[in-house]
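Take a look at the structure set out below.
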Amino acid sequence: MDDFDRDLDNELEFSHKSTKNVKVHATFESMNLKPDLLKGIYGYGFEAPSAIQSRAIMQIINGRDTIAQAQSGTGKTATFSIGMLQAIDTNAKDCQALILSPTRELAVQIQNVVKHLGDYMNIHTHACIGGTHVGDDIKKLKQGQQIVSGTPGRVVDMVKRQQLSTRNIKMLILDEADELFTKGFKEQIYEVYKYLPPSVQVVVVSATLSREVLEMTNKFTTDPVKILVKRDQITLEGIKQYHVQCEKEDWKFDTLCDLYDNLTITQAVIFCNTKLKVNWLTDQMRKQNFTVVSMHGDMKQDERDSIMNDFRTGNSRVLISTDVWARGIDVQQVSLVINYDLPTDKENYIHRIGRSGRFGRKGVAINLITKEDVATLRDFEKYYSTKIREMPMNINDIM
């Protein structure tokens, strides 16, 4: 957390659609947190709350349904984790909080954050995700898990098998809500929700909250507190955005090869829109003797875990992926993102480039475009009130 840019965070402005008169807590001490939780917060590297934390944590602790929206890297995960850990009764072994995420990697990452923050609290937490052995889940859940972080499909399965008791769940957290509410997950979330006690507190968290998502949250929340960052600030100010005009699609590959030496200075993620393209690009790069790893949703879970682990530890430097990786995955060293394909929707653009400057860190995003992409790029600029400049001839000038 020591690279967090406090000045940038202080400049965040909140939307006029936010709930008025939300009290701002400038220190963690002023929140009257459990001493063991406070110890975990400082141990994790936080010194003072970020803008979103200073507003949302106490609302969650006070039991209010909460909708929190801020860009990637502002401490959203810690916001709901701290609120949740404060509310947990450590003497009761039943599941008391359920977190749903759109990807397995994100569910595991959240579990790790909860573990670290709750380090001194003797909290039992489990990641309940697809692609792992069902028997292992059942065994873990039988041991008693106060907090479960999972993906909707596996959680529904465990609830229906009566292996995950929902009787004492007092908090439901929907992370990356805009992704969760897309068609694939919507029905599963409704399915989980109907098993929960009527008094359950709902916390909705996301970097982007479209109008459709806000309408959807009305079905789950009662008089929610809304803490919303102004949209034109959602693009992290610390991220420099560029485009490279390629005459045709085939030339993108040559451009990427030219850039490769600069990719490995730190670590880079290259995004493609399809699994086929990820596999193709990975093969092409390797044929040219470039070292890359790749990841997409069709891979087995243990393979995805191993790739993520290598990337986290810095053993691999360049990752080629679909949007499965774009959602909230935190690898501190990533300072360059390349969109080999522009994302198909505006919301995913922020999720992708949000990787490259987490928590106030500086970063660079490079978009490889053909003339067919120019209109889409202009749309992104307009939507986020930002400027995506042409990349200078010498990439070293921007790295």
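Placement of Cβ uses the backbone N, Cα and C atoms for every residue, glycine included.
Per Swiss-Prot, the features are as follows:
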- Ala70, Gln71, Ser72, Gly73, Thr74, Gly75, Lys76, Thr77: ATP binding site (BINDING)
- 57-227: domain 'Helicase ATP-binding' (DOMAIN)
- 238-399: domain 'Helicase C-terminal' (DOMAIN)
- 26-54: motif 'Q motif' (MOTIF)
- 175-178: motif 'DEAD box' (MOTIF)
DSSP residue counts for the motif 'DEAD box' (175-178), split into helix, strand and coil: 2 helix, 1 strand, 1 coil
For Thr77 (ATP binding site), the three-state class that DSSP assigns: helix
Residue, out of the binding-site residues Thr74, Thr77, whose Cβ gathers the largest set of other Cβ atoms within 10 Å: Thr74
Number of helical, extended and coil residues in the motif 'Q motif' (26-54), per DSSP: 16 helix, 0 strand, 13 coil
Number of other Cβ atoms within 10 Å of the Cβ of Lys76 (ATP binding site) across all protein chains: 23
